[in-house]
Structure formats: structure tokens, C-alpha cells
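Asks: This is the structure I have questions about; it appears just below.
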């Protein structure tokens with residue numbers, strides 16, 4: 001049976017290119033599969049390797065054999081990386097440099113000795129593929145991945161056997177140039193094509209097994225996370241009730257003692273005042289924790305709303321709390337709606353406005369402006385207060401973090417964390433900056449519906 005070597009070479013080149021492009025697409029879709037990217041590189045490198053067969057001068061022959069070994073070594077590292085090994089490009093570089101130097105030396109000393117070159121390329125190929133086969137068999141994992149590895153190892157073993165037979169045939173045949181005949185080259189290209197097709201099928205099997213395993217692990221992690229959140233939600237619900245009752249009792253007891261001891265001696269009054277302040281602080285902390293956890297865990301109840309309506313409610317609440325007209329809210333003539341949880345967003349807006357009033361002088365105004373952006377709607381708050389330490393702006397909004405310029409003021413370090421979490425849950429963001437003339441500028445930005 002006659003197999004045209006040119007047709008076989010073109011078919012082999014086309015298959016390598018298709019495999020390389022397919023592997024490249026797989027790697028781009030799943031960048032965590034680094035081995036697939038290395039396999040794509042190796043298969044694409046096969047193109048110039050096969051084209052270089054046409055080079056017949058000494059340096060061209062050396063280049064072709066160097067590319068052949070480099071291509072084989074890169075593909076081998078791709079297989080090993082898929083099994084969980086770190087890629088060893090030092091081996092690829094070493095075997096490539098050795099091949100190039102060896103071929104230049106052999107062609108310079110004995111350019112007509114084809115047998116020695118066939119033996120050399122065969123032994124180097126056996127080294128590369130034999131190393132790969134051995135390491136893959138040493139790293140079998142679950143059954144599915146072991147099947148893929150076993151298939152690839154078997155195909156590499158067959159290829160090694162073919163290379164060994166080809167080497168022995170060349171050594172024993174009266175005319176070593178027999179391997180250059182159309183018959184020998186045609187059959188060799190056919191064997192390479194079949195092995196290449198089988199290896200790529202093995203790659204797909206390994207990738208499928210790896211993705212299935214990763215998906216299963218992610219499912220287990222999500223289930224564990226849901227269970228953790230459920231337990232945490234139950235714990236917070238219990239703590240909310242358990243803390244509220246004793247704190248309320250302690251607060252009423254302090255008030256009763258103050259009423260019974262009227263007029264209260266100065267020393268006792270000081271102690272009761274300190275105790276009452278501590279109770280209030282613990283109450284604020286527990287409420288802040290519960291609110292912050294709700295912003296993390298609550299199931300959103302989205303509805304169409306306008307930030308101006310929420311700002312109006314917040315303005316009314318804070319005017320009563322602070323007893324001042326310092327808060328100035330500017331409403332737009334036309335405002336896009338947003339899709340969000342009204343209660344969570346109300347909590348966020350109140351927190352931002354309350355902070356601005358708390359950390360700015362009592363004789364200065366706090367300005368809140370609602371305005372539409374490109375596909376978004378923003379609530380921008382400006383004050384003339386202490387602002388943010390420039391070197392800490394990136395940390396503000398982390399849980400329990402408090403800037404160095406507010407340590408003397410009461411607080412828990414949960415307020416802006418809660419606002420940031422609420423904004424992110426709505427697909428928005430929280431922006432913090434210092435005003436050029438002093439004070440802070442904070443913006444709550446949400447996607448427009």
C-alpha cells in the first residue's frame with residue numbers, strides 16, 4: 001500500500017494546527033488549565049517544525065531536528081502540567097540546546113552518517129516521551145483522570161516502540177537512506193497522525209475530567225458556604241434577642257437608681273453615667289454588628305425606587321436626631337429610578353449623612369446632591385469636616401477599620417463597611433475622596449434601572 005508522503009505531511013500539519021487552535025481556545029476559556037495553554041504552544045510549534053523538513057543544508061537539518069525535539073518536549077510538559085505538576089521549562093531548554101549543539105557537531109564531523117543521526121534523534125525522543133510516560137503513571141489520581149493518563153501513556157509507548165523499530169531498521173538495513181523513501185516517510189507520517197489524534201482525544205478527556213472535578217469542588221464549597229451563612233443568620237437572630245433584653249434591663253435599672261437616689265451623690269452619679277454610656281456603646285455595637293451582617297446575608301427585596309425618596313426620609317430622621325438645619329439636600333428635576341432594597345439603601349444613606357454631620361463642625365453645612373450619571377444615579381455628600389487620611393483611604397470601608405483621625409469619636413468601624421457592602425450588593429460602588437478646600441466627599445453610586 002502506497003501512502004503519498006506529501007499528502008500525509010499536509011494532513012499531519014493541518015491536524016496539528018487544528019489541535020493547537022482548539023487547545024488555545026480551551027485555554028482562553030479556562031485559564032486555570034495552564035497545561036492546555038502549553039499544549040497549544042507545542043501543537044502550533046509543530047507547524048514550523050514540519051515546514052523545516054524541506055531544509056536540506058546542514059544548518060537547516062540541525063534546525064529541523066532541534067525544533068522537533070523542542071516541540072515534543074513542550075507537548076510533553078503540557079501533558080504533565082495537566083496532571084498537576086509544575087511545568088519544567090528548564091528541561092525543555094536543556095534538551096533543545098543539547099539537540100542543536102549535538103546536530104551541529106555531528107554534521108560538522110560526519111555529515112554523511114545518517115545512521116548516527118537517526119539513533120540520536122530516536123534516543124532523544126525516547127528520553128522526552130519516556131520521561132513523560134513514567135511521570136504520568138506515577139501521578140494517577142481519580143479513576144477518570146487515570147483512564148486519560150493511561151490512554152496517553154499507552155499512545156506514547158506505542159510511538160516510542162515505532163521510533164525504536166525505525167532506529168533498529170535504519171541501523172541494520174544495508175541502505176540507511178531507506179527511511180527517506182516515500183514508502184517509509186508515508187507510513188511514518190500516518191503513524192504520527194494517528195498518535196496525534198489519539199493524544200488530542202486524551203487531552204479532551206483530561207480537560208473534561210479536570211473541569212468536572214473543579215465544578216464538583218465548587219458545588220461543595222457553595223453548599224458549605226450556604227450552610228455557614230444559615231448557621232450565622234440563626235446565631236445573629238439569637239444574639240439579637242439575647243443582647244437586647246439584658247441591655248434594656250440594665251438601662252432601666254440605671255435610670256431607676258438615678259431616680260431613687262435623687263439628688264444623686266456626685267461620685268455615684270459619675271459611676272452611673274459611665275455605666276449608662278457603656279451600656280449604650282454595647283447596644284450600638286450589637287446593633288451595628290446585626291445591621292452589618294444583614295447587609296452581608298439578607299435576601300434582597302428589590303423594588304423600583306428613587307434615591308430622592310430615600311434621602312427625604314433620611315433627612316427627616318436626621319433633622320430630628322441632630323436638631324439642626326445643617327443638612328441641605330439638593331434634588332434633581334429629573335432622576336432615573338434604581339432597582340434595590342429600600343431598607344438596605346435607607347440604612348446606607350442614613351449612615352453616610354450621619355457620618356458627615358458627626359465629623360464636621362456644628363456651624364458648617366453638609367450638602368447632599370442627587371444627580372444622574374451615564375447609566376447610573378449618584379448621591380454625593382460633601383462636608384467641611386476632618387476628611388480622610390490620604391494614606392488610609394484604600395483601607396476605609398474594611399470591616400472594623402477606623403481611620404486614625406476618628407479614634408477619639410465613638411464608633412465601631414462597621415458603618416462604611418456596611419455601606420460599601422450594600423452598594424456592592426446592588427451592583428454599585430462607594431467612592432471616597434477629600435475635598436480640595438478641606439472636608440470629605442462621599443458618593444453612593446447605583447446602576448440606573
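Backbone N, Cα and C define each Cβ position, glycine as well.
Just so it is clear, the model here is predicted, and its values are computed rather than measured.
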Asks: Need the matching range: TrEMBL marks transmembrane segment on one of 146-167, 212-233, and I'd like to know which.
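Replies: It is 146-167 that TrEMBL describes as transmembrane segment.
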Asks: May I ask which of the stretches 61-82, 89-108, 146-167, 187-207 has the most CB pairs under 8 A with the transmembrane segment (114-134)?
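Replies: Per the Cβ count, the answer is 146-167.
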Asks: Can you work out the mean pLDDT of the predicted model over the domain 'Histidine kinase' (238-449)?
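Replies: The answer is 82, the mean pLDDT of the model over that range.
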Asks: Can you name the far-off residues of the same chain, 6+ from the ends of the transmembrane segment (36-55), with a Cβ under 8 Å from a Cβ of it?
Replies: 9, 12-13, 16-17, 19-21, 23-24, 26-27, 30, 61, 63-64, 67-68, 70-72, 74-79, 81-82, 87, 203, 207
